[in-house]
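Over in Swiss-Prot, the protein carries these features:
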BINDING   G80, 83-84, T88, 90-93, 108-116, S120  5-phospho-alpha-D-ribose 1-diphosphate binding site
BINDING   G80, N111  anthranilate 1 binding site
BINDING   S92, E225  Mg(2+) 1 binding site
BINDING   R166  anthranilate 2 binding site
BINDING   D224, E225  Mg(2+) 2 binding site
Amino acid sequence: MDLRALLRKLGHGQSLNADEAYILGKGILTGTLSEVEIAASLTAMKVRGETAEEVAGFVKMAREFAVRVPLTVEAIDTAGTGGDGAGTINLSTAAAIVAAAAGAKVLKHGNRSASGMFGSADFMEAVGYNLEIGPERAARLVEEVGFAFVFAPKYHPAFARVAPVRRQLPFRTVFNIVGPLANPGLVKRQLIGVAETRLLDVISEAAARLGFEHAVVVHGSGVDEVTTEGETVVYEVRKGAAERYTISPGDLGAPRVPLPRASSKEEAVAKALAGLRGELLEASIAIAVNAAFALYVAGVVKDVKDGYELAINTIREGAAYRKLMEAVESSKT
């Protein structure tokens, strides 16, 4: 299909189907489109609102361009769209560590923070993890240690083509939605946090279209995490269908506590580590409620209440922090 025809379609406020979005995305990443055309297409989708079909098409394209991690075991991911501006510590990464310590296999895919203070890669780098590990090594770490972190720019090098345009646009684009769904290990089980409520529908439908076995999409009262301060809206995707419900900390057996926030990278690292060691109550609880959903998605527990109990005990027993240190040391060898 003619790329210019797709651009005209977007210019008239029309949405693309998944195949058309795939073609457009390929045109962007291969350099076929100019920077002006890329900016126009990303802006048109943003103004209208990206659809689930468009996201699914872009994810399919991103997966084809990715450096593949050859997983030999079934793994999960925990990822968020970011952009909530809440200043919380990196809960999804800490929750992934806890889930791994409690028996899940985790291939955590992430990046540095693009708009906020602290991304998952910033945290992993700060604790000494080697961000340069290759795909075969990552697969072995998932199998042997139960956890590996893969740095998005290393596994999605084609995204560098669109980076200059994205940096100049004063808003987040479809690529911010695609990233969390484009795990290079092609995981089929995932916890996904969204910063905007409209993305609950978009991402859950996209996950269903992409054939996820079990995905849970969450928005926690303004943050792209499961919140400990109030209600979290949950869209649970299984067998191509999504179920919507809300959940509060008490439903998991957890108390309501303030989300752990930080005003610097150093403070964010310190609070996350204290939470993983069980030394900062609010951080430990916030990490555990997110890990509860990760363990549920992984099939380690039958429900999130059991997941929270397992997660908080894993933290209290010191296993979560030990798993982080094991992952860090294993990434260097």
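Note: Cβ is positioned from N, Cα and C throughout, glycine not excepted.
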Legend entry - Subset of binding-site residues (N111, R166, D224) lying within 10 A of S92 (5-phospho-alpha-D-ribose 1-diphosphate binding site), CA to CA, in sequence order: D224
Inset, instruction - Which residue among the binding-site residues T88, S92, N111 has the fewest other Cβ atoms within 10 Å of its Cβ, if you could check? - result: N111
Inset, instruction - For E225 (Mg(2+) 1 binding site), find which of the binding-site residues G80, H109, N111, R166 come within 10 Å, Cα to Cα. - result: G80
Inset, instruction - Mind telling me which of the binding-site residues H109, R112, R166 has the densest Cβ neighbourhood, counting other Cβ atoms within 10 Å? - result: H109
Legend entry - Spatially closest candidate among N111, R166, D224, the listed binding-site residues, to G80 (5-phospho-alpha-D-ribose 1-diphosphate binding site) (Cα to Cα): D224
Inset, instruction - Enter the number of other CB atoms within 10 angstroms of the CB of D224 (Mg(2+) 2 binding site). - result: 27
Inset, instruction - Tell me the Cβ neighbour count for G80 (5-phospho-alpha-D-ribose 1-diphosphate binding site), meaning other Cβ atoms within 10 Å of its Cβ, over all protein chains shown. - result: 26
